[in-house]
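**Student:** Features from TrEMBL:
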BINDING   A:R205, A:231-232, A:245-249, A:262-269, A:N283  FAD binding site
DOMAIN    A:3-185  domain 'Electron transfer flavoprotein alpha/beta-subunit N-terminal'
Amino acid sequence: MSILVIAEHDNAQVKPATLNTVTAAAACGGDVHVLVAGHDAGGAAQAASQIAGVAKVLHADAEGFAHGLAENVAAQIVALVNDTKDYSHVLLPATASGKNIGPRVAALLDVAQVSDISKVVSADTFERPIYAGNAIATVQSTDAVKVITVRSTGFDAAAATGGSAAVESVPAMAAAGGSSFVGSEIAKLDRPELTSAKIIVSGGRALGSSEKFHEVLEPLADKLGAALGASRAAVDAGYAPNDWQVGQTGKIVAPQLYIAAGISGAIQHLAGMKDSKVIVAINKDPEAPIFSVADYGLEADLFEAVPELTGAL
Amino acid sequence: MKVMVCTKRVLDYNVKARVKADGSDVDLSGVKMSMNPFDEIAVEEAVRLKEKGVATEVIAVSCGVTQCQETLRTAMAIGADRAILVETAEELQPLAVAKLLKALADKEQPQLVILGKQAIDDDCNQTGQMLAALAGWPQGTFASKVEVADGKVAVTREVDGGLETVSLTLPAVVTTDLRLNEPRYVTLPNIMKAKKKTLDVVKPEDLGVDVTPRIKTLKVSEPPKRGAGVKVPDVATLVDKLKNEAKVI
């Protein structure tokens with residue numbers, strides 16, 4: 001039996017979360033195949049074939065896949081699984097896209113999905129955080145096909161190059177109908193993506209305004225080549241865009257260095273960043289819960305400490 | 001059109017989950033339970049659709065133990081017209097819940113089903129997508145804006161890097177993200193009114209659904225504790241530690 005990984009891609013490139021998913025797939029045992037369902041996605045398929053440890057790339061090309069609509073992509077995955085009878089596992093990254101598609105695939109196959117796994121214990125047993133990471137469940141799937149979404153911070157990224165898998169074209173399923181893509185507003189950032197950044201500078205409500213959020217944190221992020229993140233409170237207050245939110249219901253991150261400025265550290269926020277290698281907390285309040293997980297705590301006014309830190313680097 | 005909205009009773013948002021000493025599960029005895037926050041947003045959105053004249057009736061649904069009736073009363077206090085509880089003491093996993101909801105949707109024929117994107121207990125993020133798949137309907141997950149017009153719903157979705165809008169032909173499933181709306185506070189008169197609204201109770205058997213779990217929980221454990229580090233006196237020390245001790249910059 002083989003393992004099917006669903007690549008997350010923009011038709012030209014494979015997104016980094018795919019690499020962590022390949023590592024999780026390898027741990028399940030079996031040949032790893034990667035499906036690239038896209039439109040004019042030859043570039044992404046080529047990129048997928050270079051990933052170390054991938055045995056085969058399946059490339060399905062159709063207009064209906066251009067924007068990754070769940071209805072169309074799920075139908076393609078289900079057709080592949082049912083036609084080949086070769087797949088014991090279907091793995092998707094636990095990103096907005098993977099979370100959208102995975103359960104649809106599982107329900108169509110009449111199997112459960114194991115969401116957001118952080119560890120592969122054996123081919124049918126996995127660890128996954130529950131209750132915002134306040135508990136870790138070890139779960140065993142009894143279904144013939146295991147549909148799984150993978151928390152990328154739980155697995156190392158497979159090498160993006162070094163592989164030489166064959167790219168095989170597979171017939172594309174007709175669009176499912178009923179849904180169409182209207183448009184998107186994707187912010188073009190000069191910064192690394194939040195979920196794959198090595199360093200993250202994150203701000204909380206203490207920043208006080210959107211202007212201050214940018215004015216104080218951006219120079220530090222620029223200096224460090226870091227991504228910017230935010231607490232839910234800061235996003236709710238309109239200081240930062242929604243997709244910067246780090247936490248249980250936002251992004252789960254585990255960078256080498258996480259700098260939390262003016263973030264008190266609600267359990268929901270900690271759930272999203274406590275696996276970071278090194279955590280720095282800058283906060284005026286000595287009692288702030290963020291200090292209980294920080295490797296280095298600095299009790300200080302962030303409006304003085306952050307610019308000083310920027311200057312000292 | 002009818003709107004069905006699905007709610008789950010979960011450990012309250014503000015209560016920290018504690019693992020049972022025998023490692024079998026999280027301890028839910030004697031702790032405060034509430035409606036899953038994302039479902040509250042779902043109920044609010046459905047009620048707003050009714051207030052705008054788009055929806056004619058809002059039906060709140062929950063699956064689980066008898067006490068889920070309280071959750072449904074809350075949904076009706078927000079403004080749902082009536083409620084259905086699929087009552088069972090069995091452990092319900094997302095696929096089973098999706099099948100129960102599908103059976104209810106077959107019966108009630110809603111044009112739109114709104115659910116929270118994930119429950120804050122199991123953090124699964126599955127049920128809405130599964131319901132859409134079983135019903136053969138399109139889905140708009142992680143919604144930050146919902147507009148119904150001409151037999152379609154335009155859903156603005158929160159995706160990695162920003163927003164995306166999809167257009168779905170009704171009937172459809174929408175799951176809510178955090179910033180779709182801010183749920184209203186329920187007032188005492190509305191709580192009183194909700195007590196008089198209809199709440200039907202059915203069993204999974206009545207709906208012909210097998211709810212047997214597909215996933216076995218072998219154990220539940222505490223996550224590895226992350227110890228607090230040190231407090232540094234000033235920025236210079238911090239920079240020194242990051243450079244020479246942690247070696248991350």
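Heads up, the Cβ atoms here are built off N, Cα and C, so glycines get one too.
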**Student:** Quick one: of A:R205, A:Q248, A:A266, A:H269, which binding-site residues have a CB closer than 8 A to some CB in chain B?
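**Tutor:** So the ones by chain B are A:Q248.
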**Student:** Within its own chain, what residues at least 6 apart in sequence put their Cβ under 8 Å from the Cβ of A:I263 (FAD binding site), listed in sequence order?
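**Tutor:** Non-local contacts for A:I263 (FAD binding site): A:S202, A:G203, A:G204, A:A206, A:S231, A:A234, A:H269, A:A281, A:N283, A:A288, A:I290.
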**Student:** If you count CB neighbours within 10 Å, which one among the binding-site residues A:R205, A:H269 has the smallest count?
**Tutor:** A:R205
**Student:** Within 10 Å of the Cβ of A:Q248 (FAD binding site), how many other Cβ atoms can you find? Include all protein chains, please.
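**Tutor:** Counting Cβ neighbours of A:Q248 (FAD binding site) within 10 Å gives 23.
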**Student:** Can you name the residues of this chain that are 6 or more positions from A:Q245 (FAD binding site) yet have a C-beta less than 8 Å from its C-beta?
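**Tutor:** A:Q245 (FAD binding site) has long-range Cβ partners A:G229, A:A230, A:S231, A:R232, A:V235, A:K251, A:G272.
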**Student:** To see if you understand the setup: which same-chain residues, six or more apart in sequence, place their Cβ under 8 Å from that of A:A266 (FAD binding site)?
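**Tutor:** Residues satisfying the criterion: A:S231, A:R232, A:A233, A:G247, A:P289.
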**Student:** According to DSSP, which kind of secondary structure is A:A266 (FAD binding site) found in, if we only use helix, strand and coil?
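**Tutor:** Coil, per DSSP.
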